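A short write-up of the structure that comes next.
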Number of protein chains: 2
Amino acid sequence: MAVGFALLILTGAVLLTLPISASDGKSVGFLDALFTSTSAVCVTGLVVVDTGTRYSLFGQIVIMCLIQMGGLGIMTMTTTVFLLLGKKITLRERMVMQEALNQSTLSGLVKLSRNILITTLIFEGTGAALLALRFSQIYGPTRGIYYGIFHAVSAFNNAGFDVIGNFKSLTQFAEDPLINCVIMGLIIFGGLGFSVIQDIIARKKFKHFSLHSKVVIVTTLLLLVSGFLAFYAIERSNPYTLGGLSRKGKILAAAFQSVTPRTAGFNTISITDLKMPSKYLTILLMYIGASPASTGGGIKTSTFAVIIMMIYTILVSKEDVEISGRRIPYDNIFKAAVIGVIALLLIFTSSFILTITENTDFMSILFETTSAFGTVGLSLGLTPNLTDIGKVVIILTMFAGRVGPLTLAMALGGRTNKAMIRFPEERVLVG
Amino acid sequence: MAVGFALLILTGAVLLTLPISASDGKSVGFLDALFTSTSAVCVTGLVVVDTGTRYSLFGQIVIMCLIQMGGLGIMTMTTTVFLLLGKKITLRERMVMQEALNQSTLSGLVKLSRNILITTLIFEGTGAALLALRFSQIYGPTRGIYYGIFHAVSAFNNAGFDVIGNFKSLTQFAEDPLINCVIMGLIIFGGLGFSVIQDIIARKKFKHFSLHSKVVIVTTLLLLVSGFLAFYAIERSNPYTLGGLSRKGKILAAAFQSVTPRTAGFNTISITDLKMPSKYLTILLMYIGASPASTGGGIKTSTFAVIIMMIYTILVSKEDVEISGRRIPYDNIFKAAVIGVIALLLIFTSSFILTITENTDFMSILFETTSAFGTVGLSLGLTPNLTDIGKVVIILTMFAGRVGPLTLAMALGGRTNKAMIRFPEERVLVG
Ligand SMILES: [K+]
Ligand SMILES: [K+]
């Protein structure tokens, strides 16, 4: 699986190294092409060169295809892995997926992939059409349609790449309701995960949803609302971000800022000019990320929710971790804790190396590393100025952040044999 | 228990507010006195005013007594809690403590406390005598003996308070082998925890130690050695820290720098002038901290070790977390994970508030908050310049970092009743 991703990245890197991929016919060089390709396949969106101006139309379409393959690939594979490796969600969840499971594995897989593909195309198609309406008014029909398609693909796959130019992302559309709402919608649905979208379509009523869908939806809503309120409160009077906008613009931009760290990576206001608490909060949101079996990254909303419920359970001296009348199994809780800690160790290791190789402030380093791990793509401006070692570190972090959790899930899925001989128990004092 | 600590802190604060406690006869004010008292009782060592110059001899002795009571209190209480609340280490461990346990609870407690007191006095007495030898050469006999006692108490209790003056800590003794070695020895033994010291004295041979003692000793050694190597490598050529020292001085200072974040808080080189990777590494070491049932803080070496072994177990697809031929029980692993995460949430919350209230860089804020949580006392210089809200936040963080883990341990110790009705299991996808 990791090998497949690596091959796709390498192919992309070779294509992007070609002179035909560059806007001025001069190759961007292999390291920068590798960085771009990794960022696209891992749907991260961190860029060392500006996508809109440095790459030709050919290069941009290569990037769009890499995003689509990376996004679809991860969504299909995670959904498959969770279904096939015995990590089924519940009997209920399985019933929704029964088309895919009641048949032979291969044909079931084909059906599942087709369903995911169709869902993706419906969302991206609708999004692209709506975006094209607006972009056509600004850039004319041809460019408008192309921009519509590119940004719809980039948004639904939580890639965060843009072709507007000059590293500006969507800042000039900060007050545009249509573009903001469409992009936010695509990001949110892309980040919910296929099984949750299926649940919403098939069951309609919240109380009939699987526990997983309930946890994902509630956690996502809580994060979005609290993020919005916090960004609005902190940045309202900051002249470099929300301060200069109209009342409506302030609300739109604060909402967008709470959506994008999970884990889209577009921005409508200047990330560099955010106040320190906002940057810090963004780091936390990027770490948490989107939901499992989606196009987004991070440790995932459900992982975060299980960890929080684990703490709550311990604090109120309860025996079981219970959510919505269901008990979460021990191995499930463990896995959540392990994913949370491994993510932290990865972020620590990468940012530790960057504190040695890069000459910048600590916040920028931690922000950029978390962004790379969570495949977010937001940046305080460090990425375009990275040293070569720094680029390699960020490339590896993006890759680990993308394929790491899935590989872990696969490894954990296979754990069924109990050890024959177990050692005697002995406890150590902790805390 | 938390109430006892709070009362001690308040009493200390009132005493330190008295004009007689200040060197110039003018009260330091209640907030600063409260800060100092909290810092002393929680054996943290963060200071808003300089201990050596701002407080009178009376004030300094009050501080020394607060340190001693805080340190002894926490050591006795944690050891007791772990023994009495069923969180016994093992049958073996119990045998070491059998004097204390074979009798009635009350008289057992008295014996245990006496053993801890005697151990403390032996270490502090020896340390004070050795330090006084050297300090007398510099400051004359009276002051030398006083300095010896104060700094031995401060070191064994991992308090990090000094009376050298002008926030300089032990920087002028960076190359003094006697002072360095005595202080390092006191810090390390104070941070090992009473049960480990007992184990070393009673059993002598490593292979006969309890699992807990083995884990603590190995983790401590690994952290010390890797910290030493890292600091030496990073700071060797930094003219503001190790660069200006002799070869011997470099080794001494790098060693001291790896010992002090666990969680003593003295410094022999300028912490502010450390390179960024060293500061970052110091934050990690402060977060990990010392060992349970000791005078040190942090999440504890054994907690860290269990978390690392949990990750290793998952990565190699094993069923049980095994250390040295022993299996760690599930609830033990959980508790370690919960402590690790709660600590992070606490540090995040405190530092988030400080990014709003304080006007400084992110590294300083994260460093100071972790130092307060781990009751370390190292500082990048933010503490003396804190706003009033900032002081309150740090006071609460020190308090939570000190009594939090113990309160948690007590709460967990009582968890014996299984819930009568359990909810059905249902899993959520994580990662
Ligand atoms: K992204
Ligand atoms: K300390």
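Here, residue 1 is simply the first one shown, and the rest follow in order.
A Cβ is built for glycine as well, from the same backbone N, Cα and C atoms used for every other residue.
Just so you know, TrEMBL annotations are computer predictions that nobody has curated.
Annotated features in TrEMBL:
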type: TRANSMEM; residues: B:32-49; note: transmembrane segment
type: TRANSMEM; residues: B:61-85; note: transmembrane segment
type: TRANSMEM; residues: B:116-133; note: transmembrane segment
type: TRANSMEM; residues: B:145-165; note: transmembrane segment
type: TRANSMEM; residues: B:177-194; note: transmembrane segment
type: TRANSMEM; residues: B:215-234; note: transmembrane segment
type: TRANSMEM; residues: B:284-315; note: transmembrane segment
type: TRANSMEM; residues: B:336-356; note: transmembrane segment
type: TRANSMEM; residues: B:392-412; note: transmembrane segment
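In this chain, the transmembrane segment (B:336-356) does not touch the transmembrane segment (B:177-194); fewer than three CB pairs sit within less than 8 A of each other, excluding pairs fewer than 6 residues apart. When each of the listed stretches B:32-49, B:61-85, B:116-133, B:145-165 is scored by C-beta pairs under 8 angstroms to the transmembrane segment (B:284-315), B:61-85 comes out highest. Using a Cβ-Cβ cut-off under 8 Å and counting only residues 6 or more beyond its ends in the same chain, the transmembrane segment (B:32-49) has close neighbours at 5, 8-17, 21, 55, 63, 66-67, 69-71, 74, 154, 157-161, 167, 264-266, 295, 297, 368, 371-372, 375-379, 383-384, 386, 391, 394-395, 398-399, 401-402.
Outside the transmembrane segment (B:336-356), and at least 6 residues removed from its termini, the chain residues within Cβ reach (under 8 Å) are 287, 298-300, 302-304, 306-307, 310, 362, 365-366, 368-370, 372-373, 389-390, 393-394, 396-397, 400-401, 404-405, 408.
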